[in-house]
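These notes are about the structure you will find just below.
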Amino acid sequence: MRPEESWSRVGLVQCEEADSALEEPINVEEEDGGLQICRVCGDKANGYHFNVMTCEGCKGFFRRAMKRNVRLRCPFRKGTCEITRKTRRQCQACRLRKCLESGMKKEMIMSDAAVEQRRALIKRKKREKIEAPPPGGQGLTEEQQALIQELMDAQMQTFDTTFSHFKDFRLPAVFHSGCELPEFLQASLLEDPATWSQIMKDRVPMKISLQLRGEDGSIWNYQPPSKSDGKEIIPLLPHLADVSTYMFKGVINFAKVISYFRDLPIEDQISLLKGATFEMCILRFNTMFDTETGTWECGRLAYCFEDPNGGFQKLLLDPLMKFHCMLKKLQLHKEEYVLMQAISLFSPDRPGVVQRSVVDQLQERFALTLKAYIECSRPYPAHRFLFLKIMAVLTELRSINAQQTQQLLRIQDSHPFATPLMQELFSSTDG
């Protein structure tokens, strides 16, 4: 046997072993329920290849032998070796002879260019299948499109993202490191030390800084005192009350623009706003949150928690920061944010709601619109769980809302800071 013939035979065997490792034969049943067998080696066949029912191994062998166009000789010099699944690797010449005798045709082998074309077509179809919307995702109905447009218009009219109209607000005094709180604040805290002690059980030192950029380009900074005893929140309370009230007014106006909300009885409107205003504000604040710096960019104002694992409320800050980071990672569209606000607003289980069934139907309508929007605008299946994630986020937001309200009421009892609107929103809606 010439060296090149032996070398070619070894190459064909190695390629076949690689094919066998990559792809197992597929069982093909005959009409009577039996298994189809390879007409060359008797192994289980997986379909017609080059005009003959064969296994995957013989298909690959025949294609490689024809493309290489090598002369194969029977090492046993008989030329009539029996080809079976166990012996097919022993004599490549007789195996090729059996392929041709079985009817396999060289002209049916695809060229390399045709193979590449076919692979590209398969990849394209696979990609199109992945990016195609899920079953039932046929796009938004006209009613859903109108619903989203109404919410987007309401958001644009009532959400001052640059805080350009936020001008009348109080600022904390500028403290230096180690400076004590003003005497009037110390006196107010000493009036009811038991109450403040109760508040401090749920508090850890706060590390929040505030930066204000003036219209003339000047910059005013507030840094919390280095001494952290939990009371450094007090100087910021009036300012935080003002910025919260400004956001609350925007959210209330957002609700009033929505026709479905205006159609509800005034009592239900009040109950829904009392329950959802804080949640809707958090959703709006999230659009201005930078996860890398932990900063909220609110126009000329910038709020930064320097120590997110410490500061503010032990029961409030950690869940709130985690919530903002979790929500921001979803990379939501503006349409998804406004639909979340609507779902939060139209919650039928808010205290004091009378027309629960009506509100429940409205909430379901907004939820279905959100689901349809995701299905027709997000790649599938990469975002197939986004709707469920958003609904879980809204559930978590309800929990944060309850914790926040309790903390604010407790601080308010010890050191009144809330604006009239805040007091109205956080007042009891029972009965």
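Glycine is treated like the rest: Cβ placed from N, Cα and C.
Annotation source Swiss-Prot lists DNA-binding region at 35-104, citing sequence analysis.
Taken from Swiss-Prot, the feature zinc finger applies to 38-58 (among others). DSSP labels the residues of the zinc finger (38-58) in these numbers: 3 helix, 7 strand, 11 coil.
The motif 'Bipartite nuclear localization signal' annotation in Swiss-Prot covers 63-89 and is backed by similarity to another entry. Each residue in the motif 'Bipartite nuclear localization signal' (63-89) gets a DSSP state, and the totals come to 6 helix, 0 strand, 21 coil.
Here Swiss-Prot flags 74-99 (among others) as zinc finger, drawing on sequence analysis.
Annotated region 'Hinge' per Swiss-Prot: 105-142, in sequence order.
On the 0 to 100 pLDDT scale, the model's mean across the domain 'NR LBD' (143-430) is 80. Per Swiss-Prot, domain 'NR LBD' is recorded for 143-430.
Around the Cβ of Leu283 (hyperforin binding site), the number of neighbouring Cβ atoms within 10 Å comes to 22. What Swiss-Prot records for Ser244, Ile282, Leu283, Arg284, Phe285 is hyperforin binding site.
Remark: Arg284 (hyperforin binding site) has Phe159, Met247, Gly250, Val251, Tyr337, Gln341 as non-local neighbours, by Cβ distance under 8 Å and separation of at least 6 in sequence. Whole-number maximum of the Cα to Cα distances across the hyperforin-binding residues Ser244, Ile282, Leu283, Arg284, Phe285: 13 angstrom. Under a cutoff of 8 A between CB atoms, and with a sequence separation of 6+ in the same chain, the neighbours of Ile282 (hyperforin binding site) are Leu320, Phe323, His324, Leu397, Ile400, Asn401.
DSSP assigns Phe285 (hyperforin binding site) to a helical segment in the three-state reduction. Spatially close to Ser244 (hyperforin binding site) yet at least six residues away along the chain are Cys281, Thr419, Met422, judged by Cβ distances under 8 angstroms. Apart from Ser244, Ile282, Leu283, Arg284, Phe285, the residues listed for hyperforin, the same chain places the Cβ atoms of Met247, Val251, Phe278, Glu279, Met280, Cys281, Asn286 within 8 Å of the centroid of those Cβ atoms.
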